[in-house]
Amino acid sequence: MSFDHLLTSSKRRELLQNLGIGHGSDVFSTGLFRKAECNAETAISQRSIPRANPDHLRPIFDRFATKEIKGKKLMTPEDFIRGYLGLYTEENYNKETVRLLASAADTTKDGDISFEEFCAFEALLCSPDALYLTAFELFDRNASDTISCDEFEAVIRHTQPLHDQDFDFSSEFIKRYFGADKQRNVNYHSFCQLLHDFYEEQGIQAFKRYDKNGNGTISSLDFQQIMTTVKGHLLTDFVRHNLIAVSGGGASGHKFSDTRGGFVTFPYYAAFNSLLAKMELIKRVYVSTTRGNLDIEMTKEEFLHAIQSYTQVTPYEVEILFHLSELNHPGRKTLCLKDIQAIDPERLKRVSQMDRLINIKAVHHKDDRGVGTAFLESAYRFLLGSVAGACGATAVYPIDLVKTRMQNQRTSGSFVGEVMYKNSLDCFKKVVKFEGLLGLYRGLLPQIVGVAPEKAIKLTMNDYMRDKFTKDGKIPLYGEIIAGGTGGMCQVVFTNPLEIVKIRLQTAGEVQQAGKKIGVFTVLKELGFLGLYKGSRACFLRDIPFSAIYFPAYAHAKLASADEDGMNSPGTLFASAFIAGVPAAGLVTPADVIKTRLQVAARAGQTTYNGVIDCARKLIKEEGPMSLWKGTAARVCRSSPQFAVTLLTYEVLQRLFYVDFAGSRPTGSELATTKTIQDESSTNPDHVGGYKLAAATFSGIEHKFGLFLPKFETSK
């Protein structure tokens, strides 16, 4: 919807008419209704929740409407608020509050809600500024499209803060909005600004009331009284319980010059309230600076540097913020997400760029994690790692076969026809020519069976060890290296037996033996149990350095390629995993060559090797130092895409099949953002369309604007 023109109150009601009733209705042409035109198609694009079909709303309305006049069903305020929305269901509910809330839907202000009004309010709740529109309807008591001073005062005096702290409705603040004689009415946009500024003015008046000497100071107890009555909607339990301590009236050792001796100056009072009102901005600065890593703790100096581009936040407010943070964890002068959430009642939610196929919250809080939860988390990672490993291995298996053939090719000795392949491309062509396309996948089954647990245990152990080394959201480089190396070491117990079987099958096609078909069981019978671990030292020599190089490189590549919110798209995940594989695969090629020579079955006339050192010595002596780097290109071309596919699949699966164990998540997989009103939508099947947000909207009016309405009738 275009807002190039001023959205006046009358135009707003026109929008409600067209959205709520549809074409052909003349209901809004009678009585106190205003009628006009609206581009409903453009309005639809602005709604964050789909509109309900009036045909679906009709039976719902008829079921809850208990009043009937001349054959037309109507909802009373009690029908709408208590019956349909399920609010204020207590026996001693405040009747004026229920009537006032229902008046938001009662466009004619006649005390009842018709079906047309019911539909119109559903449309209003779908609009982007539903919070302010609903508040405007609460104050517009005579359906005039404007708010008079008397209307504003009547509603404000019914709110809970005015029961505890009076307000001067003859002040200059009120006169600036309603005129010196208070006879000027305000329209919708002016009302929005009035509502925004009112509670700041109310706080100033409350301060003046307690500042009896007029010297700009109040006591800590007076400060607590003002904050709990006038500013109660800004307080969490943590802040409410620490008001005396933070204002210098308690035992806290941290005292500001403006809060010494149990007194609070107006600058401190203003900065404190301003900070609470800006907590949403504080949260955004923290999330942006930490690049989505919500476990990082920031120092005051780091935070001051981060807010340099935000002129709205003053150093005084930051000082108060870190004082509150220190009260949350005495002895540590840092700021973390827990501190922000202790100060700000609005919670962050974590969202992914992908729609989750599964969304399970296994643990509601990190403190609830136990041994069983940690085990389930590792099992979850192991399962996804197995699938990811199988995908990665299948994708690059032909390259792996070429690499193995090239590394096993001898370039010296008397064996006739030993040099079969000129290079990797020649090897690929000859395999396809003499063994067919399926020859490129010879030995794939044991490879998949092996790679599934191999990659799973490597990924799981790396994640597990990274969790152990991570403190305050940060992990040192040596911790990353040890975590990666541990993952590589643990995988060898799975890798070695399956690698040797894979290599025997991959090289079996080079020289065919008449009448002898070589399969998995043939190789197992020939090797025996101990033979399956032949060359295990070379496996350790290859896999530990590879993982110690790969995982830190991958983590840093992800961080470098993340967007400003710390998010990694599938493209950057693949690129990061691919790039990390180049140095990791290339630098450990000598160990891979030695492992291959030890595990392959030597044919008649070929050199045999007795261990890692003997193999390395004979290779250098017989084939030259460069023989240790045979197949480097093929290995890099195989390992880089394999791990790129594996890590991409592993992280994407964690996003699609989301299970929250209250532990660490892969960096860059989630964006931390504030919960919106849509996150509080009703699950009641009768609450369709905009009515999913009705209760959350009324609650938002209370907590955003401080319009706390009394729930119960007061005794006379």
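Cβ from N, Cα, C; glycine included.
What Swiss-Prot lists as region 'N-terminal domain' is 1-345.
Sequence annotations record features per position, and here Swiss-Prot assigns domain 'EF-hand 1' to 93-121 based on sequence analysis.
Cβ contacts within 10 Å of Thr108 (Ca(2+) 1 binding site), excluding its own Cβ and spanning all protein chains shown: 15. Under the heading Ca(2+) 1 binding site, Swiss-Prot lists Asp106, Thr108, Asp110, Glu117, citing similarity to another entry as support.
In three-state terms derived from DSSP, Asn142 (Ca(2+) 2 binding site) belongs to neither a helical nor a strand segment and is classed as coil. For Asp140, Asn142, Ser144, Thr146, Glu151, the entry in Swiss-Prot reads Ca(2+) 2 binding site.
Remote same-chain partners of the domain 'EF-hand 3' (165-195), defined as residues 6 or more beyond its termini with a Cβ less than 8 Å from a stretch Cβ, comprise 6-9, 12, 132-133, 135-136, 139, 144-149, 152-153, 156, 201-202, 205-206, 209, 226, 229-230, 705. According to Swiss-Prot, the domain 'EF-hand 3' annotation covers 165-195.
Counting only same-chain residues at least 6 apart in sequence, those with a Cβ under 8 Å from the Cβ of Asp211 (Ca(2+) 3 binding site) are Thr217, Ile218, Phe266. Positions annotated as Ca(2+) 3 binding site by Swiss-Prot, on the basis of sequence analysis: Asp211, Asn213, Asn215, Thr217, Asp222.
The annotation repeat 'Solcar 3' is assigned in Swiss-Prot to 568-656 on the grounds of sequence analysis.
Per Swiss-Prot, region 'C-terminal domain' is recorded for 665-716.
Comparing Cα positions, Asp110 (Ca(2+) 1 binding site) lies closest to Asp140 out of the binding-site residues Asp140, Thr146, Asn213. Under a cutoff of 8 A between CB atoms, and with a sequence separation of 6+ in the same chain, the neighbours of Asp106 (Ca(2+) 1 binding site) are Pro77, Asp112, Ile113, Glu117. Nearest to Ser144 (Ca(2+) 2 binding site) in space, judged by Cα atoms and limited to the binding-site residues Thr108, Asn213, Asp222, is Thr108.
Taking each of the binding-site residues Asn142, Asn213, Asn215, Thr217 in turn and counting other Cβ atoms within 10 Å of its Cβ gives the largest count for Thr217. Rounded to a whole value, the Cα-Cα separation of Thr146 (Ca(2+) 2 binding site) and Thr108 (Ca(2+) 1 binding site) is 14 Å.
Taking all protein chains in view, 23 other C-beta atoms sit within 10 angstroms of the C-beta of Asp140 (Ca(2+) 2 binding site).
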